[in-house]
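So that you can see what the record holds, here are the features copied from TrEMBL:
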type     : residues : note
ACT_SITE : Glu152   : active site, proton donor
ACT_SITE : Glu252   : active site, nucleophile
DOMAIN   : 31-311   : domain 'GH26'
REGION   : 30-49    : region 'Disordered'
Amino acid sequence: MTARRRIRAVWLLLPVLLVAAVIVAVTRDSGGPDDPPADGGPRPPEHGAWFGAYVDPAGGDFSQEGLIGALADYERRIGGPLDLVRTYYPWDKDFPREIDRRVVGNGQVLMIGWGGTRLARILSGRQDGLIRERARGLAGLRGPVLLAWRGEMDRPNLRDEIRTPADYVAAWRRIRRIFAEEGARNVGWVWCPTAEGFADGRAQRYYPGDDQVDWLCADGYAFPDLVPPERIFDAFTGWARGRPGKPVVIGEYGAESHDGRRADWLRAFGAYVRRNPQIKAVAYYDRHHRHSEQTMMYYSLRDDPASMAAFRDLADDPYFDPQRRRRRG
């Protein structure tokens, strides 16, 4: 072939090559099901906050059918799917389970609360096999997941389990190292003490370090009094602002009815989140929860029409619908 013919052949092939390059680029940007999951779990929204909840099943039916049915009913009540769904498991219970796979398959953010055990068992290496099983299970989801291991570790009633902040940090680092060894790159690590623990400096002592934590978190409740959200969360959000590169999730929040004033509290909570743009996700704890043998905390909104209406208004707010899951019109 002469030099002129070779040049002509290249020019004839050039449009085909350009089209192929565009197809490859679009495919890569589309985030298809065969793409590897992103490191560090789900990326937070640039603007606004994911709207989420934990939904306790009615009648105490904690089967997978009961949990899935309760979530579906809840989403009908708020007019569309949640952005973030919380599930919880004790240390030795197998996960992920069917509800977790459904949430990830629906493109929602799954946030798992994984309970703890005596840290001596973890630090001795006796639990490494169990940890590897959980890591492989979450890696197999092939979708981004948030994992909050041993939330509220700063509670005084957990001292026998936790022992010391140094033990907690060492156990955290061991678990995360094993997850990395098992290729669970899709897991984002959420560190989640109590909100009240930041007021007296107790919670901060358990922080594993910026290199170990992907999301900052706190659980906080308007209990027993209907105190304003800033009194509950300001100590935490003030501390979090010292780590501006870390997104924040309110891992649990809730309030009792208080003669119908809970609806106003929910609206105040929404305003508080908007004033704190580092908060990128919130999860209401919709459950009647036993605080002690003498005390029940009635957090569920489902038997309170006024509060559920206020909650639905938050779900309809574009600020809390960054992925346009529930947008009307």
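For all residues, glycine too, the Cβ spot is worked out from N, Cα and C.
Curation plays no part in TrEMBL annotations; they are all automatic predictions.
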Assigned element (helix, strand, coil) containing Glu152 (active site, proton donor), judged by DSSP: coil
Glu152 (active site, proton donor): tally of other CB atoms within 10 A of its CB: 22
The residue listed as 'active site, nucleophile', number of other Cβ atoms within 10 Å: 27
Mean of the pLDDT scores, which run from 0 to 100, over the domain 'GH26' (31-311): 94
Spatial separation of the residue listed as 'active site, nucleophile' from Glu152 (active site, proton donor) - C-alpha basis, Å: 10
